[in-house]
Each structure stands twice: as C-alpha cells, then as structure tokens.
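Visitor: Before I ask anything, let me first share the structure, which is written out below as structure tokens.
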Amino acid sequence: MKKIKVLCVDDSALVRGLMTEIINSHPDMEVVATAPDPLVARELIKKHNPDVLTLDVEMPRMDGLDFLEKLMRLRPMPVVMVSSLTERGGEITLRALELGAIDFVTKPKLGIRDGLIEYSEVIADKIRAASRARLRAPAPAGHAAPLRLRSPFASSEKLVIVGASTGGTEAIREVLQPLPADSPAILITQHMPAGFTRSFAQRLDALCAVTVREASDGERVLPGHVYLAPGGETHMRLGRSGANYVIGLQASEPVNRHRPSVDVLFHSAAEAAGGNAIGVILTGMGKDGAAGLLAMKRAGARTMAQDEASCVVFGMPREAIALGAADEVVPLADISERILTRLGDRGHRV
C-alpha cells in the first residue's frame with residue numbers, strides 16, 4: 001500500500017513531534033519531513049514531493065498565509081492548516097481556506113499533547129481527505145452580482161436548508177453571494193469548531209446581499225436572513241412556534257461524529273417545513289446529511305447535491321446520491337440559480 005507522504009511545517013518542536021507521532025501511528029500515511037518555518041519547508045517540498053502539507057498559521061520568517069499564497073500560485077498542493085482556537089485564529093484560517101487550503105485542525109488552548117492525541121483520528125481523516133481532494137483556484141475578490149428571483153418572493157413559509165463539511169466554507173460563499181436580499185430564509189450547518197462560525201458569518205455578511213449571522217437559540221427565522229449553526233457545542237434544529245419558524249440549539253451528543261450535525265438539521269427541517277423546503281448538500285467527507293436529505297425528500301422537499309466535479313471532497317453528496325436522496329445533482333456554479341428556479345416553481349413542492 002502506497003502511503004500518503006506528509007510534510008509538517010510548524011515553529012513548535014512539540015507540535016512537530018506530536019503531529020509526526022500521530023500521523024506515523026496510521027499505517028496508510030507517514031511524515032517524510034518536518035520544517036520549523038516556510039523557508040525550510042520550501043526546500044523540503046522540492047526534495048520529498050509530499051502528498052499533503054500541514055501548515056501552522058503563524059510562524060517566524062514568513063507567516064503561513066504568505067507562504068500558502070505563494071505555494072498555491074507556484075506549486076499548488078493539498079494543505080491542511082493548523083490553527084489556534086482563537087477569534088484571530090479563526091479569521092486567519094478562513095482566509096487560508098479562501099486562498100486554497102483544503103481544511104484545518106485546531107490546536108487546543110491548553111494541554112496540546114493530550115488535545116492533539118485525542119483528535120488523532122480527526123487529523124488522520126483530514127489528511128486522507130486532503131490527499132484525495134480536488135485543488136481549486138483561490139476565491140476571487142469582490143461581490144457577485146445578485147441574481148433575481150424568477151417570481152416575487154412573498155411567503156415566509158419557504159426555506160433553504162444547507163449542509164457542508166470539507167471545502168464547504170468556499171462552496172457556501174459561492175452559493176450565497178449571487179442570492180438577492182429578498183431570498184427566503186436559509187439555515188446552514190457547516191462542520192466547524194466553536195469560535196470559528198462567528199468569524200465565518202461576519203465574513204459572509206460583508207460579501208452577500210442577504211444578512212448572514214450566527215444562529216441564536218429561540219430566534220425567529222426571517223426571510224432575507226442566513227442562519228449559521230454555531231460551531232462545536234450544539235446542534236441546530238428548525239422548529240415551529242405558531243405560524244413562525246424558530247431555531248433551536250441543543251447541547252446533545254455528536255451525531256455522525258459531528259456537532260453541529262447536518263443530519264440533525266435536515267431531519268428537523270423535514271418535520272417542520274416538509275414540502276416548503278429546499279435541501280442542499282455540499283462538498284464534505286463522510287456521510288453526515290445523507291439520511292437527513294432523504295428524510296427531507298420523503299417529506300416533500302426539493303433536494304439537490306453538489307456534483308463530483310465541483311466538490312473538494314465528494315463524500316457527503318456521494319452518500320446522499322447513493323441513497324436516492326437527491327432530486328438533482330448540480331455543479332456548484334449553478335446551485336444558486338437552481339435554488340431560485342425551484343423557488344419560482346408552482347405546485348405544492350417548492
């Protein structure tokens with residue numbers, strides 16, 4: 001079996017050692033070299049031609065973002081960022097994903113050894129996914145011109161429900177940016193740790209015509225608003241309070257190894273919204289959301305999955321398609337327009 005070759009770049013000797021220990025404990029991957037900074041890494045990339053690079057965000061001599069930008073321009077390769085679990089770390093990591101990084105892992109604030117060892121399987125899964133991922137061009141700057149709804153949107157009954165994981169931050173941006181300000185409400189679960197989703201929501205809000213915010217427990221769901229499930233500590237559910245849709249945040253156990261879980265959101269939308277919803281499953285590894293999308297379809301919702309060619313990781317959409325959960329399989333660049341087309345369709349299903 002050919003092993004995945006990994007180069008670890010981090011200014012901390014402790015983190016380099018722990019990442020090496022974790023990666024080498026899995027039989028399908030190995031650390032071929034480590035580097036304390038990007039300048040050393042540059043020479044080691046030429047020497048070892050690694051399959052995946054793990055890259056610390058903040059380092060001396062050249063920071064991780066500057067190096068990533070140069071790397072993606074001159075020698076694109078799969079990169080997993082290693083980020084601090086802080087608000088600043090979240091903002092920098094989101095920028096790294098815009099520049100082309102595949103995914104990220106977070107360093108615990110305290111007890112780095114125990115924290116990283118605890119997430120050994122998560123780190124290995126992200127490296128495996130990165131080794132198979134499709135590289136994409138960095139995100140263009142600026143705003144996309146909003147599309148128009150094909151028919152005036154007046155009903156607060158209609159909803160769009162979205163789930164994503166690896167590669168999802170950029171896929172979500174591409175879906176939301178063209179949508180007009182009078183779009184129906186949109187609820188999104190993206191696999192992210194605590195502290196990162198607020199920065200993500202703020203970044204999207206600055207780029208989009210719709211209002212994007214991190215969801216709060218008990219708040220009423222309004223048209224023209226996008227609600228992002230808070231990362232790490234709760235699941236987001238859609239519920240009803242009289243004639244209104246409301247958001248519920250529940251601190252229960254992870255589902256499909258994730259909290260928030262896409263399946264939890266999709267199942268709740270099937271029950272609360274039925275045929276008034278559109279369900280969309282985007283790029284990501286694993287199967288979270290596949291069963292929930294099928295539940296939405298059976299409840300009368302229109303459903304779609306991102307196609308393989310445009311996915312960074314074709315995991316969650318593939319599982320949904322295999323279950324028969326997707327009414328249609330759509331390239332990422334066309335999903336916004338397909339959503340608006342479905343919203344303009346007549347009939348009991350949106």
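Cβ atoms are placed via backbone N, Cα and C, with glycine included.
Pulled these from Swiss-Prot:
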- Ser165: active site (ACT_SITE)
- His191: active site (ACT_SITE)
- Asp288: active site (ACT_SITE)
- 5-122: domain 'Response regulatory' (DOMAIN)
- 152-346: domain 'CheB-type methylesterase' (DOMAIN)
- Asp56: 4-aspartylphosphate (MOD_RES)
Visitor: Check the recorded positions Asp56, Asp288 for other C-beta atoms within 10 angstroms of each C-beta and report the one with the most.
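Guide: The most densely surrounded of these recorded positions is Asp288.
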Visitor: Can you tell me how many other Cβ atoms are located within 10 Å of the Cβ belonging to Ser165 (active site)?
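Guide: Excluding its own Cβ, Ser165 (active site) sees 28 Cβ atoms within 10 Å.
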Visitor: Compute the C-alpha separation of His191 (active site) from Asp56 (4-aspartylphosphate), stating it in Å without decimals.
Guide: 20
Visitor: What does DSSP call Asp56 (4-aspartylphosphate) in the simple three-state scheme?
Guide: strand
Visitor: List the Cα distance (Å, whole number) between the residue listed as '4-aspartylphosphate' and Asp288 (active site).
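Guide: With the alpha carbons as reference points, the distance is 28 Å.
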Visitor: If I take the alpha carbons of Ser165 (active site) and Asp288 (active site), what is the distance between them in whole Å?
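Guide: Per the Cα atoms, Ser165 (active site) and Asp288 (active site) stand 9 Å apart.
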Visitor: Helix, strand or coil by DSSP: which one applies to His191 (active site)?
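Guide: DSSP assigns His191 (active site) to coil.
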Visitor: Across all chains shown, how many C-beta atoms besides its own are within 10 angstroms of the C-beta of His191 (active site)?
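Guide: There are 27 such Cβ atoms around His191 (active site).
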